[in-house]
């Protein structure tokens, strides 16, 4: 699959030959080298992962936030690029999926191995980067020294540029699915659904409206293993496997067997009742 960019908005990307707007002619073709296996669109930025596991990012969504929160500081190239720019910090991993929120991003990485001529994904790792004021990165920053408000009294945080480098979440090792909302996320590990980030509307599913700073299991889905997850701006979805229900035929067979067991039980009880020894006089009265 190849990617093309929207001529009016370079932060938007769609698969080649699947342009959604009739009569629109793409201006750029094949800007990403290699086969593209995953793409994602945030609020004003986009991501792509190639078959070789490299992650590219472009668009100005994160750059505008960075300039507003950290005036005068130099931002990493991939935060300001209007064309695909390689994301640093992922050189030792192979990305197989990318997702994007409003002002943060994540990728799912795994190692490929060959077993009996089949390809398998092992040890999925989740990397996050970008804005972190709602806990949407799922981790504490390495240092708070680089954090300072834009102006005195401002509640908005500011981080040093290198703290925007992707970092892995060890608690999500083994993840098979991830999804980003505007400021919250979901992941699936061994069928268990985990959530973290902005929770004002309860989209983390923990029964509260308090932001979730680190990934934790969604208790309401414990008995229903998750298969796929999706995040909106202020809501979440999960496709789960429900317990198998007995078929109508099986139910009828169970009822028939139960009736048979009861009848057999009654007969056995009668066979085991003590027999009366009647005397001659008593028999004459019958």
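The backbone N, Cα and C atoms fix where each Cβ goes, and this holds for glycine too.
Whatever TrEMBL says is automated annotation, not expert-curated.
What TrEMBL records for this protein:
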| type | residues | note |
| --- | --- | --- |
| REPEAT | 53-111 | repeat 'RCC1' |
| REPEAT | 124-191 | repeat 'RCC1' |
| REGION | 141-161 | region 'Disordered' |
| COMPBIAS | 141-151 | compositional bias 'Basic and acidic residues' |
| REPEAT | 191-242 | repeat 'RCC1' |
| REGION | 246-286 | region 'Disordered' |
| COMPBIAS | 252-274 | compositional bias 'Basic and acidic residues' |
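Taken as a whole, the repeat 'RCC1' (53-111) shows an average pLDDT of 85 in this prediction. Residue counts for the repeat 'RCC1' (191-242) under DSSP, helix first, then strand, then coil, are 3 helix, 23 strand, 26 coil.
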